[in-house]
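Feature list (source: Swiss-Prot):
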REPEAT    43-64  repeat 'LRR 1'
REPEAT    65-87  repeat 'LRR 2'
REPEAT    89-110  repeat 'LRR 3'
REGION    149-250  region 'Disordered'
COMPBIAS  149-171  compositional bias 'Acidic residues'
COMPBIAS  178-191  compositional bias 'Acidic residues'
COMPBIAS  205-227  compositional bias 'Acidic residues'
COMPBIAS  228-238  compositional bias 'Basic and acidic residues'
COMPBIAS  239-250  compositional bias 'Acidic residues'
Amino acid sequence: MEMKKRISLELRNRTPAEVAELVVDNCRSSDGEIEGLTDDFKELEFLSMVNVGLTSLAKLPSLPKLRKLELSDNNISGTLETLAEKCANLTYLNLSGNKIKELSTLEALQNLKNLKSLDLFNCEITTLEDYRESIFELLPQVTYLDGFDAEDNEAPDSEADDDDDDEDGDEGAGQLGEYEEEEEEDEEGSEGGEVGLSYLMKEDIQDEEDDDDYVEEEEEEGGEEEADVRGEKRKREAEDEGEDDDEDDD
């Protein structure tokens, strides 16, 4: 998909001025140039154009609020001065996997006074002797190079991410409290349910016992009735025999 069309789709019924984050990774640039991105994206803070075939940043529009820029896995070898001109507030820049070979190419980044983190993984420049020391000397404003500072301490999350985490933590705590309350209610409900179930089971057992007693009573009554019937039958047979004897005597 062409970059211009991809950007249009990513708007999702928003105006460019409403977009703070834009990701157009793996689309196709036109002749290695940026297209479809305009000055109207004035609120853009995060832009990712990974593996889009860029060779130049010359057509990058003015993005005064842009703080994070992902440009890894492209074919950029220069024109980095555009970044200082168009994205003065940039704090994080990822140029990993590009065609950057010389320290002189990075001199243009000296004017990015707010740049704190720079990634150059898989760029030829990383094979130079004293590469890290040279970058920190060339760009003193940079604190983290390829994820580590000059003392080999790993970069922490950004302040923005920390703020987001704090907010998420507060929300999470509230949600956890609600969850615990619901869980307690569920436990109480479960206990009540167990009592009710136990009670019902006892009732069912009692009903079954009553039914058994009723059946036994019916059987006993049936047995008594059968005994009465048999008694009556024997009585009638005895009377009949008596009558027969009287007739014989006559």
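Note that Cβ sites are derived from N, Cα and C of the backbone, with glycine treated the same way.
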Notebook entry, point to check: Per DSSP, what is the residue count of the repeat 'LRR 1' (43-64) in each of helix, strand and coil?
Noted result: 0 helix, 3 strand, 19 coil
Margin query: Let's see if you can do this one: DSSP helix, strand and coil counts over the repeat 'LRR 2' (65-87), in that order.
Written below: 6 helix, 3 strand, 14 coil
